[in-house]
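A short write-up of the structure that comes next.
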Amino acid sequence: MVFSIGNNYQIVPLNQIISLDTLLAPLQSNHQATIADVIKLVIQEDNHPPLYFIFAYFWNKLFFDRGEYVSLAGMRALAVFWGVISIPLIYFISKLVFKSGSIAFLAAILMAVSPYAVFISQEARHYTLAVVFVLISLGCFLRASSKIIDHKRISHTLVFFWLIVNCLGLLVHYFFSLTILAEVLTLLWILFNQIKQKNFWITNWWRLSLVFLGNLSFIIIWFISFVPKDYGNQMTGWIQRDNDSFLAVISPLFQLLGTLITMLSLLPVESESLIIILISGAIMIGFFLWIIPQLKTAWLDSYKPELGILSAFFLSSIAIFFVITYLLSIDITRGARYSFVYFPSVILILAILLDNCWQRQQKRIVIIVIIMALVSSLSVTFNLGYRKYYRPDKLVTTIENNSRYPLVIATSYRSLVQVGEMMGIAWEFNQRFPDKNPKFILVNPEEKPNFNRSSSPPFELWLINFHSSIDLSDCQPSELSSNYVTGYQYQKFLCGRSMDYNNKVK
């Protein structure tokens, strides 16, 4: 969001007390920023490619660039927009590929009510746009696969269009490359079967090779020319895998399974009521114990070659996730949003299977599945499923209800992530308690701030997710000495004097 309006986080000072306005400066409207500024900032300071940020820049300029600060609702609306676009898109792609209006209709409904789709649409990020490109790429992939199986010539137009779509997808998210890799593995499986049967057509395979050689060339050129050498050093530590425990071995399996389940069903299992959690969990278990045999029967009864191709693509994607997690020790199963890589294939597979149920006059199965997905999507909408990990609104309410003196809020700085966390807190204060005017400080763990007795009246020091060494000789822990609020571990201290930094850490 910050990069999309041409600002960066570097304007927020470290190791010194700053005002709320200074902390929120990256969110202030920047009318002088150009699209070139946005691209440069994203490439140099972020871990993502720039295409979504380019769209966000124009989106903000056209509709929301009016006030002092960027419109958070407006920027979130862009992700929702792409999520909405994916619904008619999957309909038209399904109708084109499967030649079936009923499959297309079911695919569109499932995309609309999938709790996972609602989850990624709520993020003011690029995952719904990535889903759009995965859908289009899958459409090209299925079209080409059917041509290969039917021994029909793949057109140059399809080859060129697919190549361009994949390149654009890579400019939305680098993990789009995993979608391409899964397509390659599936095509190699088809090629292997055709070689065994001695009925492959070399012309089609030569044309397909142009797509993926072109994509590989694009990736190499892009990374050599534009991606910084220290790419990923700051903001990807959270997915580095610890191989030393049994829990670390089995966690990826359950994390990936959990993500798969939520593509269809997610009742309020994150409610604050234990009874609701138990009832929701029991219903979900019963639902899957009932639906899995139904889907298995439909899968065995279906004769569509596209179902086998999609299943191979899905299994290839899962295999890639596990290879990256277990062999490279990068646990990408921790981030449910990364499953955009194969999410559309799950929806398409379900649409084919449910259409089979419908054609066999088992309409009750289809209706129950859609109702379950709809209720689950409402669960996500009302924050009872895929709950937001960070809730600055709750933390700010806690601080407001338990403070009497001027506030200084401190956190340890490791990367831009901590700047964003503190900006979220500052934003809530600015919107809900504008007269509070707290001060903030981001402390580098290598520094040691000194709380001395040299300056002003008592103030409250709130340490938020703080992991640095500090001098608290003039501070006393409060009755809220250590507590937790939805993503924030906090400690409250009452200090007899102000914090004298003299604009630097002692």
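Every residue gets a Cβ built from N, Cα and C, even glycine.
Feature list (source: TrEMBL):
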- 69-91: transmembrane segment (TRANSMEM)
- 103-121: transmembrane segment (TRANSMEM)
- 127-146: transmembrane segment (TRANSMEM)
- 158-185: transmembrane segment (TRANSMEM)
- 205-225: transmembrane segment (TRANSMEM)
- 246-267: transmembrane segment (TRANSMEM)
- 273-295: transmembrane segment (TRANSMEM)
- 307-328: transmembrane segment (TRANSMEM)
- 340-358: transmembrane segment (TRANSMEM)
- 365-386: transmembrane segment (TRANSMEM)
Determine which recorded stretch among 69-91, 103-121, 127-146, 307-328 has the most C-beta pairs below 8 angstroms with the transmembrane segment (365-386).
103-121
Recorded stretches the transmembrane segment (158-185) and the transmembrane segment (307-328) touching, at least 3 CB pairs under 8 Å:
yes
Three or more CB pairs closer than 8 Å, sequence separation of 6 or more: does that hold for the transmembrane segment (103-121) against the transmembrane segment (273-295)?
no
Best-contacting stretch, by C-beta pairs under 8 Å, relative to the transmembrane segment (340-358) and drawn from 69-91, 127-146, 246-267, 273-295:
127-146
